[in-house]
Amino acid sequence: MESRLTYTEAQWDVVLAGFVLAFFLLLGLSVYLLASRRELSARYRPSSDAGAVIGLVACLSYVLLVAAWVSGFDYDPERATFSPSSSTLQFRNSYRYVDWMMTVPLLTLELLAVTTLTGLRARRTRATWMALGFLMILTGYLGAAVYEGRLGHLVWGLVSTAFFVPLYVGLLRTGLREARRLGEPAGEHLRGATLMLSWTWGVYPLAYCVPFFFADSTRWAVGRQLAFDVADVCAKVAFGLYVHSCAKARTAVDVARGESAHPEPVYVSTEKVAEAQPVLPGDRSVGAYGHPGDVREGETHVAPGPHEHRGEAPPAATGRD
């Protein structure tokens, strides 16, 4: 749709500015999550790692979108318009779908990493959600980029919806239930993440339907690209920050209960919610950094002897070498 239209200078600039802004926000998310991952206990770091990967993949897709948008149109100075060019690199929404095929499954993994689901139930839910997310995007891609006729667009859109509905319902139900189970403050952040993802995912089907009714409208084409940008930022950046706050809150609770070690105080929204717990109570095998085997530079880590393992006192010194 977008690559066949002619845009005013202002319309073309607005779309380009949206791409650039989304790129910087996503890059900032990745840098922040990578820089602050040590603030989380090891149990919740997969959520931060997934969020950072999501941001980096999305950044790369926006680099491609910018390049395609710039090369895909020629500027006419007399009319102050941008018309489709003959460049090999044309603008395509399919570049977004390639991004979403990876990032949508990772978004579900990011959310599940801060819930209370464990073991077989967690693995089944994760596998189901990631498969549904991938198939939802793949079939949407077929309708948007491969079968460009109205019938193919409609049929594959409906097939994509068949994967979207159970994923959407399952994510919303699980996220809100887990938020109630966690309580404050972690539950508040998890609830925010769930609701943020649920309403932003509702934007994509609406944007998918725009070519059905406004295929020749440059205003709707510009609006659709901006809607994609806003939805991407909300579903990745805002959602990622909510999940990160939930992970920090859960880390604080675990540290306060003595269930997890942490080398520094835990802060959420600049508020101290847990003191440092370098070593778990009664755990002599934990190093100074709060993790098994961690030893500060210049320190010597001495493993407990066999008598200590059995709870016996060590033999008395005899004074002989």
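Note that Cβ sites are derived from N, Cα and C of the backbone, with glycine treated the same way.
Just so you know, TrEMBL annotations are computer predictions that nobody has curated.
Feature annotations, courtesy of TrEMBL:
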- 293-312: compositional bias 'Basic and acidic residues' (COMPBIAS)
- 273-321: region 'Disordered' (REGION)
- 14-35: transmembrane segment (TRANSMEM)
- 47-70: transmembrane segment (TRANSMEM)
- 100-120: transmembrane segment (TRANSMEM)
- 127-147: transmembrane segment (TRANSMEM)
- 153-172: transmembrane segment (TRANSMEM)
- 193-214: transmembrane segment (TRANSMEM)
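With Cβ pairs under 8 Å as the measure, the transmembrane segment (14-35) is packed most heavily against 47-70, out of 47-70, 100-120, 127-147, 153-172, 193-214. Among residues of the same chain six or more beyond the transmembrane segment (100-120), those with a C-beta under 8 A of the stretch's C-beta atoms are 44, 46-47, 50-51, 53-54, 57-58, 126, 129-131, 133-134, 136-138, 141, 167, 171, 174-175, 178, 181-182, 186, 190, 193-194, 197, 235-236, 239-240, 243, 246-247, 250. Tertiary proximity for the transmembrane segment (153-172) is limited to same-chain residues at least six positions away from its ends with a CB under 8 Å from its CB atoms, namely 108, 111, 125, 128-129, 132-133, 135-137, 139-140, 142-144, 147, 194, 197-198, 201, 205, 208-209, 211-212.
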